[in-house]
Amino acid sequence: MAAAPETKTVHSPALTYFSMLSLLSLCPPFVILLSANATLSCLLKYSMLLGLGWYTMVHADGSVAQTWNYLKQHGLQGFIDIWPRPTAIAWKIIFVYGAFEAALQLLLPGKRVEGPISPTGNRPVYKANGMAAYFVTLVTYISLWWFEIFNPSVVYDHLGEIYSALIFGSLIFCVFLYIKGHVAPSSTDSGSSGNLIIDFYWGMELYPRIGKNFDIKVFTNCRFGMMSWAVLAVTYCIKQYELNGKVSDSMLVNTTLMLVYVTKFFWWEAGYWNTMDIAHDRAGFYICWGCLVWVPSVYTSPGMYLVNHPVNLGMQ
């Protein structure tokens, strides 16, 4: 086994473990119950602030107080009752989307890009085809709707089930990453801290891959997480149009701003591979579960709310 992650922590071990266990246990229900806008979600990820999310957005008119009152009245059973169960259609949507993005990541042409040299002297090599994958994804998705092959409204209608499936499926995926880091690391930039909690939360490998070319963090962070942000933004637009026969100007502003941000990300994706997310953070719950679940559920929540609560901004 190669060099292990640094085990010295900024805070005391007790506070560190408490923080990790809190995020491991509380983030999943927050995805279903509570989210926020992009700024608050970053704060919540570290300090457990509350916001607005799937149940609140879709079933409680965006009211945190309404959700809180419901839980106060019904307790644990109420929480169990509103938790959506993963369904076959939810798993199918996730699988098809994930397989499509994985295929684009592997098959689309792209420039060869080298990442920074790792602490053990490795230099990862990537294929920069993110912008092409982004273009193909959006054109394909909108074309499927335009030609009535697939209705994106189905995604919105099963959103709770999809998030629930992602929560559990991504936890299993993180277990896979933990086991892989122990038995089949992809490079010498891997190792155990000797603590199961830290290894699962922080990750075992810096650059995990399946085979030689399929980079797991590029898939989880970029092609699944960031791509889903754009796909869901478009989904909310289409759902509102089908409900009301038009798209509100507030939804158009929200979707435009999100697509501008995500477009910039994929335009700059090769630069992202030099950032702390890729070059420093290992592949564990902290980053992989976050990108697979937190990004599509929390970062898209403003559009989720606007579907049933259009705001007419007007020209003033």
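Quick reminder: no glycine exception, Cβ is built from N, Cα and C everywhere.
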For which of the residue intervals 48-68, 216-236 does TrEMBL record transmembrane segment?
48-68
In the same chain, which residue numbers or ranges, 6 or more beyond the ends of the transmembrane segment (128-147), come under 8 angstroms Cβ to Cβ?
100-101, 104-105, 108-113, 222-223, 227, 230-231, 234, 238, 262-263, 266-267, 269-270
Using a Cβ cut-off under 8 Å, which residues of the same chain at least 6 positions beyond either end of the transmembrane segment (251-268) come close to it?
130-131, 133-134, 222, 226-227, 229-230, 233-234, 236-237, 240, 300, 302-303, 306-307, 310, 313
Same-chain residues at least 6 beyond the ends of the transmembrane segment (88-108) whose Cβ lies under 8 Å from its Cβ atoms:
127, 129, 132-133, 136-137, 140, 154-155, 158, 161-162, 164-166, 169, 213-215, 218-219, 223-224, 227-228, 231
